Amino acid sequence: MEIALALKAVILGIVEGLTEFLPISSTGHLILAGQLLDFNDEKGKIFEIVIQFGAILAVCWEFRARIGNVVRGLRAEPLAQRFAANVVIASVPAIVLAFIFGKWIKAHLFNPISVALAFIVGGVVILLAEWRDARRGTVSHPQGNALLEAAKAGAPRIESVDDLNWRDALKVGLAQCFALVPGTSRSGATIIGGMLFGLSRQVATEFSFFLAIPVIFGATVYELYKARALLNGDDLGIFAVGFVFAFLSAFLCVRWLLRFVATHDFKPFAWYRIAFGIVVLLTAYSGLVSWHA
């Protein structure tokens, strides 16, 4: 295994793990990182699929107890059945639109300039959502008489993933459709969409994690099947390196984010998105970085 290639695998694995579940777009970062590292050929595309699989397995491991309880309760427990149904309902819209428009999106939007614009627009949307949240006087855990005041002010009406109904799940699923545009961020679309539809920040974040499992897992299996002719045993070493680093970095990131959202908003991510998008546009038009589609 070439050291330079292994280093690229490590970097891209970490980039995937750290960005997959933050509202900053893993796809956007991978497109840009792939351009900089000159690792965006057919092998690079397959590599991205593999490291995404590593990242989603980290979520499965973090929530293994909850997933196990849901699976065991599917036969007889209404709560588990409703939870599973909500995940399926929320997954359908994006899957359908991806099937219809997937080829067009890849042909026209998978380039650094489009990604940079999506970064900026997404950052502005997050700021507007947080501004709206603050203006409504939202509190995370109202108690006593504050409960009535919070309700009047428009506080989140859903404080637990188990309180979601199918309409809530469908709304979050529709929000997830915006993530088909590279640079938008799947987690950002589902979390901010969830908050706008009445979920607390913590519930929106947790449901976003669970929603990622069928969506990313299904996309991974489908893309690997399509690229099966390009799979080569000689690449297993590089794929394994990227997979491991994506898994580890994603696992740490998920744990950190769950703690972060308990006491912070998403404004730092919004400003990061805007700044990063502007930097990409400026370097592209000034010629400092040779971004190419």
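Positions of Cβ are set from backbone N, Cα and C atoms, glycine also.
Going by Swiss-Prot, these are the annotated features:
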| type | residues | note |
| --- | --- | --- |
| TRANSMEM | 3-23 | transmembrane segment |
| TRANSMEM | 43-63 | transmembrane segment |
| TRANSMEM | 85-105 | transmembrane segment |
| TRANSMEM | 109-129 | transmembrane segment |
| TRANSMEM | 178-198 | transmembrane segment |
| TRANSMEM | 203-223 | transmembrane segment |
| TRANSMEM | 238-258 | transmembrane segment |
| TRANSMEM | 269-289 | transmembrane segment |
Check for me, if you would, whether the transmembrane segment (178-198) reaches the transmembrane segment (109-129) - at least 3 Cβ pairs under 8 Å, residues 6 or more apart in sequence.
yes
Taking 43-63, 85-105, 238-258 as candidates, which has the most Cβ pairs under 8 Å with the transmembrane segment (203-223)?
43-63
Relative to the transmembrane segment (43-63), the stretch among 3-23, 85-105, 109-129, 238-258 with the most Cβ pairs under 8 Å is 238-258
Contact set, same chain, for the transmembrane segment (238-258): CB under 8 Å, 6 or more residues outside the stretch:
1, 5-6, 9-10, 12-14, 16-18, 20-22, 46-47, 50-59, 61-62, 202, 205-206, 209
